[in-house]
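Structure first, commentary second.
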Amino acid sequence: MKLFHCLRHVDKFRSVFDFGGREVAHWFPGHMAKGLKQMRASLKKETLDVRPHVLILNKMDLADMTNKQRILKKLEKDGVQNVLFTDCLKQRDDSIKKLVPMVLEIIGLGPRFNRDENPNYCLMVIGVPNVGKSSLINSLRRTNLKKGRASRVGGEPGITKAVLTRIQVCERPIMHLLDTPGVLPPKIESVETGMKLALCGTILDHLVGEDVIADYLLYSLNRQEKFSYVEKYSLPEPSDDIQHVLKRIAVKLRKTQRVKAITGVGNITVTIPNYTAAAYDFIRAFRKGELGRVILD
């Protein structure tokens, strides 16, 4: 598609997203509250006040890595120094090989008790939903133990509900990770923050609404002039109308549903586009990196 076709009506597209008076999103299931409570209790059992940590930024294949140095400088300014970028879905990720040596170095630089008598290590994995915590554990097992996955993974939040499952990820030294459910703050600071979290898959889609998330995605793509969705779904040109886009997606992918319609002469069954299924495909394509990289600042 030629650029001038893409930009023909862009000046008429939305510059502000209408959240429709929605309240601030709340999503704090019981397993999150239970998980936080047990995580805190487990950390309190430690004999040391200093708990070194590594910040792992996963799904680097979906990120714009040209900003890597800027991210590292910002984190360093905030006091975060031990950072690792990973892509845990790759069968071989060289960054994963660096994790165990990095952990050993960090621990070796800090005070430890009974290290000679107890050379085993146990680490806790903490993060928001759907960032790849279970994938990280499985990747470490695959790299260090040559074994298959031990933690269930999925493309939506809430897959891991068991709290503090102990999984071995290394033999020399013996190292275990504690898999935990993803957790979010009980109260998200703003509706737009909640929408961005939903778009990234950290909040269950149906709690926000697939159609609303899809509309926010369309708004974000258009605002940043990311028009790859036009070619992917065979649209004649970019559109700011989510219903029009979802209808085209449903038709292209043959996503339809049969519903009953009441008429003056009785009930009939008609076939209509399945907008929810189309919205889900649209959102999933974005999360898989098929629609370009959108900056959600």
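Here the Cβ of each residue, glycine as well, is placed from N, Cα and C on the backbone.
Taken verbatim from TrEMBL:
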BINDING   Asn58, Lys59, Met60, Asp61, Asn130, Val131, Gly132, Lys133, Ser134, Ser135, Gly182  GTP binding site
DOMAIN    124-198  domain 'G'
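The local packing around Gly182 (GTP binding site), expressed as other Cβ atoms within 10 Å of its Cβ over all shown chains, amounts to 22. Residues Asn58, Lys59, Met60, Asp61, Asn130, Val131, Gly132, Lys133, Ser134, Ser135, Gly182 are the ones the record ties to GTP, and the longest Cα gap between any two of them is 21 Å.
Counting Cβ atoms from all protein chains shown, Gly132 (GTP binding site) has 21 others lying within 10 Å of its own Cβ.
A simple way to gauge crowding: the CB of Asn130 (GTP binding site) has 24 other CB atoms within 10 angstroms, across all the protein chains here. Within its own chain, Met60 (GTP binding site) has Phe85, Thr86, Asp87, Ser95 as residues 6 or more apart in sequence whose C-beta sits under 8 angstroms from its own. The Cβ of Asn58 (GTP binding site) lies under 8 Å from the Cβ of Thr86, Asp87, Cys88, Val131, Gly132, Ser135, Leu136, each on the same chain and at least six residues away in sequence.
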